């Protein structure tokens, strides 16, 4: 067993001991229904076009009819923000959640946030009522004027709890699954307070607790659920410098399917590696200059070890990837509804085979191939016949006095003839009309008329 094999074995052996108290392997929240993987929904590309879910709320204005405002389809010609000739909720300015313009009210309100149930990143469990007696999460708590979602997650992770809740923009609470069993959900729009430490994140509301799993943005973990999400360290904050993180992935099944929902690394020195957990062999490697391919990436291994390293200057959003176990290594992954599926790139050195499209006109294709091969064969035979008398001889292309010989000419019509001789040196090219041509031609003999006629026919055919 090599050094890498031994390290991988020891990591998988001791990793379960590193789990937070009360934590279960995998995610409590299935990624299947989520349309967002950023905490502020900046990646939302869904079709909700009202400020409330299921037809509730006010209708959104079309983005190509909002030129009087700061954001319209004209301000997003590349489609980077997802604007266009539609009225779907978007987040072009990096606000705390998707929004849209609405018809201006008497109070002068011309935009509103959108309440989108499917636009909550996996690992976010919802907005809960916190009456304070008893608290919604019963574990330790604290406050900070620099609170972000990840600051609270890290605090509760260090305390050994499974859940973290943010409230009123500056308060953090820790708890466990049993707290959620007696918790009471509140409307998602009630958690609308901006985090004191990050203007692009929401940290609950007044008497409202935004609850997350502490596994979000963790630097290590052991994922055994059938499907789930793995985030880069410190997510949804940017990952920091000198991070060295590992995650063991072993859902039920014979193979794995990964899909990168987000991938933004600072430079080529920040690197994510995918290794076979049993052998330690490198399967894939991605960095800031080599992102993963779009669409599902299938790997023929049942257990995977992911490692991420950043350099001393590393700062970027990071990555979010979904995974699921496949029962059969040859299973065809089902594409999510409304999304395009791109086949995964083959492993380095793998053979790729192609087959004709079913129903292709095989007979016509065969006829074209036969005709092409026949024509090429005839040209080659003719060329070989002409080269036989010229074998081991030098040729000279010199002006002739007959009719135009070697194909079409532009300008004055002038004929050319081919001369040859036994090689005694390499003749240098001379410009037409140079007196040296006459001297050079004196040492050559002209081809026969039939040979020159055949050569003209060959050149015309080419």
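Quick reminder: no glycine exception, Cβ is built from N, Cα and C everywhere.
Database features (TrEMBL):
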- 36-119: disulfide bond (DISULFID)
- 60-100: disulfide bond (DISULFID)
- 89-114: disulfide bond (DISULFID)
- 127-191: disulfide bond (DISULFID)
- 152-172: disulfide bond (DISULFID)
- 156-174: disulfide bond (DISULFID)
- 195-203: disulfide bond (DISULFID)
- 219-245: disulfide bond (DISULFID)
- 35-119: domain 'Kringle' (DOMAIN)
- 121-215: domain 'WSC' (DOMAIN)
- 219-326: domain 'CUB' (DOMAIN)
- 330-358: region 'Disordered' (REGION)
- 427-447: region 'Disordered' (REGION)
- 1-25: signal peptide (SIGNAL)
- 365-387: transmembrane segment (TRANSMEM)
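Remark: of the disulfide-bonded residues 100, 119, 127, 203, 219, the most isolated position is 219 (fewest other Cβ atoms within 10 Å of its Cβ). When the alpha carbons of residue 114 (disulfide bond) and residue 219 (disulfide bond) are compared, the span between them is 32 angstrom. In sequence order, 219, 220, 232, 233, 307, 308, 309 make up the list of same-chain residues 6 or more apart from residue 245 (disulfide bond) whose Cβ falls under 8 Å from its Cβ. Taking Cα separation as the measure, residue 152 (disulfide bond) is nearest to 174 of the disulfide-bonded residues 36, 100, 174, 195. If you take the CA of residue 60 (disulfide bond) and look 10 A around it, the disulfide-bonded residues you hit from 89, 156, 172 are 89. The Cβ of residue 172 (disulfide bond) has 141, 142, 143, 144, 147, 151, 152, 155, 156, 164, 165, 166 as same-chain neighbours under 8 Å, each 6 or more residues away in sequence. Distances between the Cα of residue 127 (disulfide bond) and those of the disulfide-bonded residues 36, 119, 174, 195, 203 are shortest for 203.
Summarising the environment of residue 195 (disulfide bond), the number of other Cβ atoms within 10 Å of its Cβ, over all protein chains shown, is 25. Secondary structure of the domain 'WSC' (121-215) per DSSP (helix as H, G, I; strand as E, B; remaining residues coil): 19 helix, 34 strand, 42 coil. Sorting each residue of the domain 'Kringle' (35-119) by its DSSP state yields 9 helix, 9 strand, 67 coil.
In the set 36, 174, 203, none of the disulfide-bonded residues has a C-alpha within 10 Å of the C-alpha of residue 89 (disulfide bond).
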